[in-house]
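Here's what TrEMBL has on this protein:
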TRANSMEM  12-34  transmembrane segment
TRANSMEM  341-361  transmembrane segment
TRANSMEM  368-389  transmembrane segment
DOMAIN    371-498  domain 'SSD'
TRANSMEM  395-415  transmembrane segment
TRANSMEM  436-461  transmembrane segment
TRANSMEM  473-500  transmembrane segment
TRANSMEM  536-554  transmembrane segment
Amino acid sequence: MLSRFFIQRPKFALVISIILTLAGAISLMVLPVAEYPKISPPSVSVTAFYTGASAEVVEEAIADPIETSVNGVEDMIYMSSKSANDGSYNLNVTFDIGTDPDMAQVNVQNRVSQIESKLPQEVRMVGVTVKKRSPDLLMVLNFYSPDGRYDDKFLINYINLNVKDQLARVKGISEVNVIGGGEYAMRVWLDPDKLANLKMTTSDVYAALAEQNVQVAAGRVGAAPYANPQEVQFNLVTKGRLESIGEFENVVLRANSDGSTVYLKDVARVELGKKFYDGSGQFRGEDASIVALNLQSDANALESGKAVMDLLERLSVNFPEGMAYETSYDTTVFVAESIKGVVKTLIEAIILVIAVTYLFLGSARATLIPVVAIPVSLIGTFAVMNMTGFTVNTVTLFGIILAIGIVVDDAILVIENVDTIMKRNPDMSPRKATLIAMKEVTGPIITSTLVLLAVFIPVTLLPGITGIMYRQFALTICISVVISSINALTLSPALCSLVLKKGGGNTARWFQTFNRLLERITLRYGQVAGFLVKKALLLVTFFVIAVGAVTFLAKNTSTAFVPQEDKGILLVNVQLPDSASLSRTTETTDSLVNLVEQEPGIDGITVANGYAFMTGAAASNGASLFIKLKDWDTRNGFEGDHSSNAIAARINGMAAQQIPGAVVFAMGPPAVPGMGAASGFEFVLEDTLGRSRTDLALVMQT
């Protein structure tokens with residue numbers, strides 16, 4: 001008998017349990033923490049830029065050749081692309097769940113390399129980027145000047161030079177995107193009339209800039225080989241690229257035969273501005289540089305979020321006076337609250353199980369044995385979770401909560417049997433009683449474990465995204481049950497032989513009273529059960545009514561993949577008519593912000609003009625608002641409904657009445673991170689007959 005070995009060698013059983021507990025504790029410290037398991041399929045993005053091109057030109061010159069080549073890459077499910085009027089192109093290739101993201105990136109890169117020579121030279125000069133894409137948005141940061149002393153040009157340039165690269169090096173961060181315009185650039189505004197008078201074209205200006213604004217490797221003086229030995233050797237350092245407005249103004253466009261010279265300043269105005277003016281950012285009414293951080297698929301959200309905030313705290317010491325930062329979208333707050341709530345429930349469940357166990361066993365010594373079994377089984381589960389690639393999330397923690405009542409059963413089975421034998425034989429030693437008890441319960445322990453595994457293991461075989469959720473839940477319970485049975489065959493009998501007293505110990509008076517009450521309830525229950533057995537028709541009638549009620553409730557209860565919860569964040573998509581200018585969009589968002597600020601539950605609003613998060617592309621007629629709500633406790637103290645859904649509904653109602661020139665839609669973040677741009681569902685209208693975009697738009701409006 002297996003248990004005999006551990007009863008005779010209790011220290012060995014203790015060592016096994018200690019190893020399981022330590023392995024689980026160490027794994028718990030390194031396991032990624034998230035709200036849900038990673039169920040979003042891996043994706044790879046291909047980005048390119050064609051300066052000055054319209055969306056139609058980008059589609060023909062970039063999208064067609066790239067997508068023709070990439071289509072059908074190994075393990076691809078589907079791909080979608082966006083061509084914008086700012087010349088940008090973005091292709092997202094989505095792969096089957098379980099595909100290695102690194103191999104997917106390599107395969108896409110190989111396909112793109114095959115047709116790169118077919119792309120326009122301007123596109124190849126900027127470069128085509130292929131990288132793993134993580135749709136899981138961790139947080140949105142706002143860098144702004146509370147007193148308005150810095151404009152967005154300064155803020156964006158400062159972030160690009162001093163902050164962006166350091167954020168990208170934070171563990172767990174996969175992508176850092178700066179929204180709100182480009183960094184500093186030298187802008188040349190040509191005067192067509194002056195060019196025409198001098199019989200020059202824009203090509204002449206472009207050629208002069210390309211020739212004179214270069215970094216030249218000038219070589220060395222006195223370097224070998226040489227005709228005569230040299231005493232010294234120097235590296236030649238030339239001026240290099242132009243840096244100031246004056247240097248650009250003095251670029252020579254043409255030297256005339258009469259000795260005169262035409263400079264750039266003669267035909268153009270040169271200024272230091274932004275590289276792009278396709279967007280702008282605002283926070284709390286001031287210009288802002290908006291930074292979006294995406295999370296790696298295997299990262300710890302809480303750890304990465306804390307690392308980002310710690311980094312910003314260190315960097316802020318060197319920020320220019322009058323510059324500040326603040327978050328407007330932070331998923332870690334809700335994740336932390338969710339995990340905190342689950343952990344609270346876990347602790348309550350453990351306390352409840354211990355209390356009930358003590359109530360029925362009536363002995364502190366006897367209760368100690370299942371109490372020890374609970375942490376060993378639960379903490380040991382994390383070690384196996386680490387080996388299987390699981391995360392600490394609400395699904396796995398819910399499985400552990402459910403497993404609390406299961407893992408204690410085996411230990412109670414052992415202790416109850418040992419206690420019964422010792423009470424029947426007061427002179428029998430705890431060790432001997434344990435040996436006899438284990439002969440009786442070893443079979444039932446193994447059998448009950450196999451039955452539970454037979455219930456949960458088939459659930460792990462469910463396919464698709466839903467299957468991933470069920471798999472982690474079911475395997476968490478299976479792991480806990482297996483470890484519990486191991487404890488019941490090793491640790492529990494060893495503790496019984498060490499902890500229990502000969503004769504079963506004295507029974508407290510309150511426990512005797514409780515036992516008498518329990519016996520009466522049991523007797524009464526037996527009488528009711530016997531009556532129902534004799535009245536089979538009545539019993540069947542009750543059963544049919546119960547089944548009918550359950551069926552009715554199941555059919556009339558709303559269904560969803562996961563519940564849409566109040567995450568303390570709202571997203572607002574603003575869409576103006578086609579060809580609306582950026583200034584018109586900015587005026588619209590200013591009016592919208594004035595409306596939204598009337599809501600008492602709102603803490604801060606970030607505005608990204610020229611960027612629509614629903615499409616993920618730059619557009620002069622689009623804008624996005626990231627709304628940070630006040631914490632849940634504060635909003636609960638307000639009169640009325642101030643949940644995120646209620647606030648979103650009020651924003652949509654106010655916008656529909658007071659901002660008729662735009663389509664405004666407020667919504668929550670996606671219920672599952674990485675699954676879509678926002679909550680709810682989305683659909684795509686696809687043209688398979690080669691019709692025009694006008695026809696497609698008409699169908700969309702009907």
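Using the three backbone atoms N, Cα and C, a Cβ is placed for every residue, glycine included.
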Under 8 angstroms for C-beta pairs, at least 3 of them, ignoring pairs fewer than 6 apart in sequence. Is the transmembrane segment (341-361) in contact with the transmembrane segment (473-500) by that rule?
no
Out of 12-34, 368-389, 436-461, 473-500, 536-554, what stretch is closest in contact terms to the transmembrane segment (395-415), meaning most Cβ pairs under 8 angstroms?
473-500
Quickly jot the same-chain residues contacting the transmembrane segment (473-500) by Cβ under 8 Å, restricted to those at least six beyond its ends, or write none.
2-3, 6-7, 9-10, 13-14, 16-17, 20, 365-366, 368-370, 372-373, 376-378, 380-381, 384-385, 388, 390, 395-396, 398-400, 402-403, 406-411, 413-415, 418-419, 422, 430-431, 433-434, 437-438, 442, 445-446, 448-449, 452-453, 456-457, 459-460
Other parts of the chain folded back onto the transmembrane segment (12-34), taken as Cβ under 8 Å at six or more residues beyond its ends:
5-6, 298-303, 335, 339, 372, 375-376, 378-383, 385-386, 390-393, 483, 486-487, 490-491, 493-495, 673
Write out how many residues of the domain 'SSD' (371-498) are helix, how many strand and how many coil, based on DSSP.
114 helix, 1 strand, 13 coil
